[in-house]
Amino acid sequence: MEETGNPHPYVPTDLLLPDYVPPFLSQSAILCIYGVASLVVLSTVWVSSGFSRKIAKLDRLLLCWWAFTGLTHLILEGYFAFAPEFYKDKSGFFLAEVWKEYSKGDSRYAARDSGVVSVEGLTAVFEGPACLLALYAIATRKSYSYILQFAISLGQLYGTAVYFITAYLEGDNFAASPHYYYAYYIGANASWVVIPSLIALRCWRKICVAVNVADQKKTKTKSR
C-alpha cells in the first residue's frame, strides 16, 4: 500500500509528512512572541552590562550578540535537532510552532534533511555553549576572549556556508513562495553571515596586534 501524508504548505507538495498538524499560532503571533523574547534577552544583557564601567559599548553589543546567538543555538536549534517529529505536535508548543512556520522558507527542516540536521545538531551542542562562554569571557576580560570569538565565528560561517551550498546543490527549491524564501531562508540567516564576519575580522586584528607586541617584547629582551 502506498504511503500517503497529510496535506501541508511545504515544497515539494509531494513531500510525505504523515500525521502533519498545522500550526496553531499565526505567522504574526509567532514572530511577535519570538521578537519580544529576543528583545527581553538583548535588553537584559545590555542593561546589566551597563553597570560595569570597565565594559566598552562595543563589548556590550558583543555581549548582546553572544547571548542572543547562544540561546538561539541551544534552545531553538537544539529543539529542532532532537525533536524529529515537531510537525506532528498537537499541543501548540511554541518551539514546534516556530519550526512549522520556518519550514515554509526551507522545507528541509520538516523533511529532516540529513545535512540540515547534522549542521543544526553540531551547532546546538558545540556552538551554543561556546557562545555563552564567549559572553563570560568578554564580561570578565579573559585572555582567551578573542581567540574564542574568532573560532566560534568561523564555525558559524562554516555552518551557514554548508547550509546555503547544500540547498543550492539540491536545487534551491524548498520555499513555499518568494516571500518565505527571502524573509526566512535569506533574511533570517543573514545575521549569521554579516555579524560573524565582522567579529572574525576584528578578532583577527586584535590577535595579530597581540602577537606583534609579544614578539617586540621578546626582541627587546634578547637585545639586552
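The backbone N, Cα and C atoms fix where each Cβ goes, glycine too.
Heads up, TrEMBL stuff is auto-annotated, nobody curated it.
As written in TrEMBL, here are the features:
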type: DOMAIN; residues: 58-200; note: domain 'EXPERA'
type: TRANSMEM; residues: 24-49; note: transmembrane segment
type: TRANSMEM; residues: 61-82; note: transmembrane segment
type: TRANSMEM; residues: 121-139; note: transmembrane segment
type: TRANSMEM; residues: 146-169; note: transmembrane segment
type: TRANSMEM; residues: 181-201; note: transmembrane segment
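When pLDDT values are averaged over the domain 'EXPERA' (58-200), the model yields 97. The stretch in 61-82, 146-169, 181-201 that contributes the largest number of Cβ pairs under 8 Å to the transmembrane segment (24-49) is 61-82.
Secondary structure of the domain 'EXPERA' (58-200) per DSSP, as helix, strand and coil residue counts: 111 helix, 0 strand, 32 coil.
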